[in-house]
Every structure is written in C-alpha cells, then in structure tokens.
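Enquirer: I am attaching a structure below and will ask some questions about it afterwards.
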Amino acid sequence: GLGSTAQHSTAAAPPRPLMRNRPGWRHSGSMAQRVLPLPRQQSFCPPTIPNPFVHPRRLSAGDKLRTLLQGIILLPLRATCIAVLLLLAWLFASIATFQHPGKGSVPLKGWRRRMIQTTLSCLTHTLFFTMGFQVKVKGKVASPLEAPIFVAAPHSSFFDAIISALTGMPSIVTRVENLSAPVLGTILSSLQPVAVSRQDPDSRKNTVTEITKRALSRGQWPQILIFPEGTCTNRSCLITFKQGAFVPRVPVQPVLLRYPNKLDTVTWTWQGYSLKELCVMTVCQLFTRVEVEFLPVHVPTEDEKNDPILFANRVRQTMATALNVPVTDHTFEDCRLMISAGQLTLPMEAGLVEFTKISKKLNLKWNHVREQLDTFAAIASASKGGRIGIEEFAEYLKLPISDVLKELFLLFDRNGDGTIDFREYVIGLSILCNPANTEETIQMAFKLFDMDEDGTITENEFAAIIQSALGVPELDVSVLFKEIDADETGKLSYDEFKNFALKHPEYAKLFTTYLELQRYQSDMLEEDDREAPEVKHSPVRRCTIPVSETMPITRNKVCPEGSEEDNSSTSDKKDD
C-alpha cells in the first residue's frame, strides 16, 4: 500500500520471474526500473533528415580565392548584361500589359500572350545563359490540356525560375507585395500570377479558388507553375506538399530539379548564405549546371480526386523515388518554429517537430506548439544543445531526482539518448501528460493529499505525500507548495490545486506513474509470495516506495488493497 514500510527476508530470496515476463523492466534494490523506453509508434519516429532547412557554409580557402579571381572579370560583365536583359524584359512586359482590361482577372490573349511566351521566354533563357547556367532538359513538356498545372520540387533556390523559360512562361503563385517591386513587379504581373496576401485571412481560400478556376479553364489561362513545398530546402528530402495544386483534381506534371555542381552556390535556405551572397558567388562561377526533368503527367484516380492529401502524397512519392531522396513531414510552420527557437536563444533546429505529422496526429495548432516552445526554452536554458537533461527536468518540477522522476523522464525520452528534445517534449505532453491530467486524476490526487479530509491541503500533508512518493524523507517542498498556494493562505483549496495541475500537466503524469509503479511492484511481490511460500516475512507490511516509518498510511483512501477498480484509473502508456 501507499506509505507502508518495507522489510523483506534476504536469506532465501526467491528469483523474480515476473520481471523477466515484463519487457523493458529490471529490478534494482527495492525499485523496478525500465531498461528501455516503452515501444513507440513508428509514425512518431524522428525523420531521416533532421533539418532540411540548413545549408552549411562550405567554401574552402581555395574556393574563395578562385571565386575572387574569376569574379574580377565575370562579375562586372555579367552584372551589366543582367541589367540590360531585365530592362528589356520590363519593356516587353509593359507593352504586353499596356491598357489591358481586368488587371489580372482576365487572361491575356492574342498578341499580348504570344509576346510574353516568346520574348520573355527568350530573354529568360538568355539571362540564365549570361549567368553561366548550363541547362540539361529531360522529358517532354505537357500541353495545357494535358496538364494545366506543373508541380516542381525540390524547391531550393530562386534560380528554380529557370523552369518558367522552359515551359512558356506559365503563371506562378507569388506574394502580392512582389508585384509592387520596381522592374520585377511589372515582369511578374505580365505572367498573370496568383497573388497571395498574408494580411487577408481569406487569402488561402481565395488562392485555391483562383488556382481551381484557372486549371479548369481548358487553356483559356496559362498553365500554372507551383512549388508545392512552399519554402526552400537543401534538396536532401521532399517535405510536405501543400494541397493547393491538387485541390482542382486535374492532371499535373511533376518537374524535378537537380544542381549537380561540386561547389553549391545556389541553395538558399533559412540557415546559410544570404540572397546577395548566393547571387554574387553564382555569377562569379565559370558555369553552373542544372538539370530539369519533366516526368510523365500524373492523372488522378477517383480516390485522389476525392482526397487532395492522398493526391499530393502520391505525386510527392513519385518525385522522391525519381530523385532517390526520402520524404519528411516538415513544412513551412517548422521554419516559423525554427526562427522562434533562435529568438529564444535555442539552436534553430530545436524548433523542428515535423509540424504536419504532429498537428494531424495530436490535433495541435501552431500557436499551441509555439507556447510549448516558450516553456521548453525556459527549462532547457541552462543546458547546452537545446535539450533537457534529467537535472533540468527535476529543477523545472522543483523535485529531486528519484526513481519515479526517472521513470517519467524515460517516457518523454523517446529515443533513449538521455535527453528530451522539443519534439519529444511536445509528443510527451500530448500523449502522456494531457490525457493523464483529467478531472478524475486531479480529484484522486487531491483526496490523497487531503489526509484529514477537511477539504484543504496543509504544507505538512503535502510534504508527507511528496516525501513518501519520492522516497526522500527530508525533502523540502515549501517552494513548490507556495507556488501552488496562489492566495497565500497556507492551505491549498481544490481550485488552487486544480488550476496548478492544468497549467503543469507533467505533475499529473508523475502522479499516475507513481501509482502505476507501486501497483506493479505490489503485483510483483504477490507473485513472489505465491512462488515462494516458504519464505518468512516480517509482520511489517512491505512497501513499494521507500518511506519514513512515521509517514501516514493513505492506501485506504486512493489505492485500497485488493481493489480491482484502481487499475483502470492509471494512464495506459501502451496507447502510445
């Protein structure tokens, strides 16, 4: 029972076969511990590519010297040619859109559209040639009737725009702010892009509606080029495809991009070279290779037409297989969390959680995960590497390191490396702590602490149970008690107790873990009694958690001996 003392004869201690029948447990002294964490769902395993949003700076001294010497000649010449070509493109774009009615709501037709398709396409080809790009094309470009939408991946650079020149200058999806930029804004407007406004709460819905309208126009509008990843990566994998290109339920043509260069000066990610640095380094190279491959058109099945996510995933898998890279569930929201982690003085990669998977499986919103990042940063601030160790975990809970605390830590530590990263923390809170933090559990805990049943918990009552549970008779819990005692009356009401528990769900799981451990050990000892009846026991009841002999016995209030009902109140970790 809870709070009992332990004395067990050691003269003829029998073996404990029950231990061997419970995988992952071992017996150490009077405490059963897990050797390994419990089995985990494969769907929650870490991604094969931890961070696709980083591109390390790998320019050697020789590369820098070579780039500098080549740049002395190439940079001014190419910069001059680029400026001239952009001005020419702006001129033809202005002519094509001059006095055009509709301002983007009506497609360009006749000579206007032919001018865009021929002159701008030719100028874009020339622009990339001037910058030193050697383009290798594989496959056949589909017609507007065969595939109204191109989906290109992996998206890793602004140089990916080379696809536009190869596909007859299709429409693109771009931010509405880009249309106001000098020169480039006019050129983009001539492509009749689908503009996205971050200020408009209905922008996402309007964007999908516009894409659908154009895709179903049967050639009235230009084809649409979409990078479904929605952000740039380092091409090590394909991250989650957004659904916009797949909602219209029309055939799409996958387009692959490769940059087989010894020196990578094109990859533009959230961590790495800046836009200006990449432009200068690329222009200073003698040549830059790029391969563009047009895969066969993907015609959606009936199942894919009814499920854009399935459609997107199958197209992504086809492209990943052709590229021989894995797929992950990272998305643009991970980038936002990564930036937030950097602002909280954590390593930027600490914020990566594969948001698509986490949000779907655990029903989490981005704002909620962002709030959890603040808490995680507060706990991990004293550690290096943006991870929580057992010491930081104990300090955050204001408790000493004990067997029960180690057990809870093991449940969070999914990969068993002795630390908790932010992804493990989010999963742990959602799977372990929040389900355990029910009204029933809180009421049970309050009754356990309220030993005199007067409806309040004194500091002595609180200390007695905490010291008993953790096996530390001299533990000072005054700091934790004062934190819960919001009205500073020296007694905890149920409302104070509940409010604190709801804000700190870790304690709920700590409590249910404590109950589960003592029940398990009780079952184990009963099994020993049945297997070794000849062993003589002291009349003093054996205990599952070390405790002072003066501790009050509370088992009759929460965990009555022989109660079958109690077993149902514990959290079932196997649901993980």
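Even glycines carry a Cβ here, placed using N, Cα and C.
Note that TrEMBL annotation is computational and uncurated.
Annotations per TrEMBL:
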COMPBIAS  1-10  compositional bias 'Polar residues'
REGION    1-24  region 'Disordered'
TRANSMEM  67-93  transmembrane segment
DOMAIN    400-435  domain 'EF-hand'
DOMAIN    437-472  domain 'EF-hand'
DOMAIN    480-507  domain 'EF-hand'
REGION    525-576  region 'Disordered'
Enquirer: Restricting to the same chain and to residues at least six past its boundaries, which positions have a Cβ under 8 Å from a Cβ of the domain 'EF-hand' (480-507)?
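Expert: For the domain 'EF-hand' (480-507), the nonlocal Cβ contacts are 396-399, 408, 429, 433-434, 436-437, 442-443, 445-446, 449, 455-459, 462-463, 466.
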Enquirer: Helix, strand, coil: count each for the residues of the domain 'EF-hand' (400-435), based on DSSP.
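Expert: Output for the domain 'EF-hand' (400-435) reads 24 helix, 1 strand, 11 coil.
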Enquirer: From the DSSP assignment alone, can you count helix, strand and coil residues within the domain 'EF-hand' (437-472)?
Expert: 23 helix, 2 strand, 11 coil
Enquirer: So, by DSSP, how many helix, strand and coil residues make up the domain 'EF-hand' (480-507)?
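Expert: Reading the DSSP string over the domain 'EF-hand' (480-507) gives 17 helix, 2 strand, 9 coil.
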